[in-house]
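Per Swiss-Prot, the features are:
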BINDING   Lys12, Tyr159, Leu160, Glu161, Tyr162, Ser163, Gly164, Gly189, Gly209, Asn210  sn-glycerol 1-phosphate binding site
BINDING   Asp14, Thr40  Mg(2+) binding site
Amino acid sequence: MYDIRQWRHVFKLDPNKGISDEQLERICESGTDAVIVGGTDDVTLENVLELLARIRRFSVPCVLEISNLESVTPGFDFYFVPMVLNSREKKWIIDLHHEAVKQFGDIMNWDEIFMEGYCILHKNCKAAMLTDANTELQEDDVVAYARIAEHMYRLPIFYLEYSGSYGNPELVQRVKQVLKQTQLFYGGGIETEKQAKEMAQYADTIVVGNVIYEDIKKALATVKAVKQ
């Protein structure tokens, strides 16, 4: 399924974490709509290429979520580019993107590139610390970022990132209510069928990541929970 607007469930794999061939096959053949390759630390060209080659044995759409320029490589179906809207550092909002386009603009296929307006809400996660994200936000702040993503920046994706911590379903619902065109992704702390189903009521697309490495059976069960 190569229309990202139809995606309801995606798995996110960290190239810096090990996964067996058997587990990877179960993930790729699970019925998930796509597999995103991405992480916060120690993402290298070498480990991205290795994981890409293994995923490419299967037909599932494969996305690289770009965390640094050094690990970008051809071969993915799509490239997701985070813009951390609640970062205190300008480089996570525009500077890194400017550098990427400066270096590679002539060869970039813009049809494969999707900008993500990130709002990171778990203050102790690696992504928040790396990007110096202001996570002390009221609900109205988050809703405002969502509106900025859709109406000011015209971003195709708004990503609520709780990164390892299960978020507030009521907030996800509020955000969804104000988005008409921008696709709402939710990621963070989904470990059970119940949690997957709950967040899928409101988010257009849920992202399941950490539980893959903790309990593969629980991870796989989230696909059915969302697709039913």
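Using the three backbone atoms N, Cα and C, a Cβ is placed for every residue, glycine included.
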Cβ within 8 Å of the mean position of the Cβ atoms of Lys12, Tyr159, Leu160, Glu161, Tyr162, Ser163, Gly164, Gly189, Gly209, Asn210: remaining residues of the chain near sn-glycerol 1-phosphate: His122, Cys125, Ser165, Tyr186, Gly187, Gly188, Ile190, Val207
CB within-chain contacts under 8 A for Gly164 (sn-glycerol 1-phosphate binding site), separation at least 6: His122, Cys125, Gly188, Gly189, Asn210
Pairwise Cα distance for Asp14 (Mg(2+) binding site)/Gly209 (sn-glycerol 1-phosphate binding site) [Å, integer]: 8
Residue with minimal Cβ packing [other Cβ atoms within 10 Å] among the binding-site residues Thr40, Tyr162, Gly209: Thr40
Pairwise Cα distance maximum in Å, sn-glycerol 1-phosphate-binding residues per record: Lys12, Tyr159, Leu160, Glu161, Tyr162, Ser163, Gly164, Gly189, Gly209, Asn210: 17
CB within-chain contacts under 8 A for Leu160 (sn-glycerol 1-phosphate binding site), separation at least 6: Cys119, Leu121, Val142, Gly167, Leu171, Val172, Val175, Leu184, Phe185, Tyr186, Gly187, Gly188, Ala203
Rounded to the nearest Å - Cα separation of Lys12 (sn-glycerol 1-phosphate binding site) and Thr40 (Mg(2+) binding site): 12
DSSP three-state assignment for Lys12 (sn-glycerol 1-phosphate binding site): strand
Cβ neighbour count within 10 Å of Lys12 (sn-glycerol 1-phosphate binding site): 18
